[in-house]
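Features reported for this protein in Swiss-Prot:
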type: BINDING; residues: C12, C96, C197; note: [4Fe-4S] cluster binding site
type: BINDING; residues: H41, H74, H124, S225, S226, N227, S269; note: isopentenyl diphosphate binding site
type: BINDING; residues: H41, H74, H124, T167, S225, S226, N227, S269; note: (2E)-4-hydroxy-3-methylbut-2-enyl diphosphate binding site
type: BINDING; residues: H41, H74, H124, S225, S226, N227, S269; note: dimethylallyl diphosphate binding site
type: ACT_SITE; residues: E126; note: active site, proton donor
Amino acid sequence: MNIILTNPRGFCAGVKRAILIVENALKVYKKTIYIRHELVHNQYVINTLRQKGVVFVEKIEQIPDYSVVIFSAHGVSKKVVQEAVKKKLIILDATCPLVEKVHIEVSKSSEKAIETILIGHRGHPEVEGTIGQYNNKNGKIYLVESIEDVHNLSVQNSKKLNFFTQTTLSITNTKKIIAALKNKFPEISGPNKEDICYATTNRQIAVRQLSKIADIIFVIGSNNSSNSNRLAELGKETGTFTKLISSFLDIKKKWLKNVNYIGITAGASAPEILVTEVIQYLRKIGAHKPIEMIGVREKKIFKIPKKLLNIKTILDENG
């Protein structure tokens with residue numbers, strides 16, 4: 001059996017930044033660090049942070065006054081921020097800058113009372129945070145998940161309408177939904193390029209290339225990871241047998257019967273150690289040394305926000 005690794009795979013710049021913020025906060029603050037929701041959707045990462053003393057909560061009311069709170073990489077609504085301020089919490093925002101970019105645009109639409117359509121998955125924390133940027137009672141924000149939703153959608157003023165997207169969607173499906181929106185609402189405005197992030201795009205392109213070679217594809221990521229699920233869906237759409245696994249423990253040997261090429265990728269919130277463990281397991285049962293595919297080299301780095309520079313400065317001074 002041959003192992004083929006996609007490039008790029010695993011952590012994106014937004015996830016790396018979020019984890020760095022938490023690790024820095026743990027070194028600087030001599031009190032419990034609370035994180036609202038899972039920092040990123042990967043159980044290995046969450047368990048690792050828990051072992052370091054981090055406490056995860058779903059509601060701000062669960063956090064004692066004057067504590068340190070970190071908002072997850074998915075972002076939060078304006079209401080959540082207000083709740084944190086009311087409790088006089090020390091706020092560290094780990095929202096991905098690409099998600100924050102969408103927040104800013106939705107806020108602008110809200111300020112102008114321009115009706116707004118968000119393409120995304122209902123219940124996902126990023127979607128809830130983005131919808132929560134729109135608070136103008138004279139306007140409205142709508143969520144669509146499919147072309148059918150577009151067909152059933154009614155707005156108050158189709159001549160003054162904006163759309164935005166969740167950052168971790170399927171490229172192909174999103175383009176179809178946008179086309180349906182533009183067909184139904186010819187005067188709708190949106191970003192020149194959909195808001196799907198570079199990392200999501202790069203990983204989906206890599207999986208499509210991988211599917212031309214692999215007999216089976218393992219997507220390493222947690223079940224609640226949107227971008228990991230999209231990678232698994234894409235693999236299946238190409239006709240390649242594809243499985244979303246959280247670790248090597250999920251692999252069943254029967255899947256590998258008569259398999260020559262095993263493809264491996266990892267969602268943007270999955271650490272490389274999980275990839276390494278999968279490779280080690282496959283090597284033990286007879287697979288050859290992995291081959292790396294040539295792919296896009298991601299150079300993007302998201303800096304820590306100015307309000308957190310004091311953390312970095314303290315760390316630098318302490319060596």
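Every residue gets a Cβ built from N, Cα and C, even glycine.
Since the structure is predicted, the reported quantities are computational estimates derived from the model, not experimental observations.
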Original post:
Could you give the Cα-Cα distance between S269 (isopentenyl diphosphate binding site) and C12 ([4Fe-4S] cluster binding site), in whole Å?
Top reply: 7
Subject >> Most Cβ neighbours inside 10 Å, all chains, among the binding-site residues S226, N227, S269 >> reply: S269
**OP:** Using C-alpha positions only, work out which of the recorded positions H41, H74, E126, T167, S225 is nearest to C197 ([4Fe-4S] cluster binding site).
**Re:** T167
**OP:** Determine which residues of this chain, when C12, C96, C197 are set aside, have a Cβ within 8 Å of the centroid of the [4Fe-4S] cluster site's Cβ atoms, and list them as they appear in the sequence.
**Re:** A13, G14, V15, A73, P97, L98, V99, T167, T168, Y198, A199, T200, A268
**OP:** Compile a sequence-ordered list of residues in the same chain as C12 ([4Fe-4S] cluster binding site), six or more apart from it, whose Cβ lies below 8 A from its Cβ; state 'none' when nothing qualifies.
**Re:** C197, Y198, A199, A268, S269, E298
Subject >> Alpha-carbon distance [T167 ((2E)-4-hydroxy-3-methylbut-2-enyl diphosphate binding site); N227 (isopentenyl diphosphate binding site)] in Å >> reply: 9
Original post:
Relative to the mean position of the Cβ atoms of H41, H74, H124, S225, S226, N227, S269, the recorded isopentenyl diphosphate site, which additional same-chain residues have Cβ within 8 Å?
Top reply: V40, E126, T168, N224, S228, G267, A268
Subject >> Whole-number Å value for how far H124 (isopentenyl diphosphate binding site) lies from C96 ([4Fe-4S] cluster binding site) (Cα to Cα) >> reply: 15
Subject >> Set of same-chain residues at least 6 away whose C-beta sits under 8 angstroms from T167 ((2E)-4-hydroxy-3-methylbut-2-enyl diphosphate binding site) >> reply: C96, L98, V99, V102, E126, D195, I196, C197, T200
**OP:** Check each residue in the chain of H124 (isopentenyl diphosphate binding site) that is at least six apart in sequence and keep those whose C-beta is under 8 Å from its C-beta; list them in sequence order.
**Re:** H74, Q166, S226
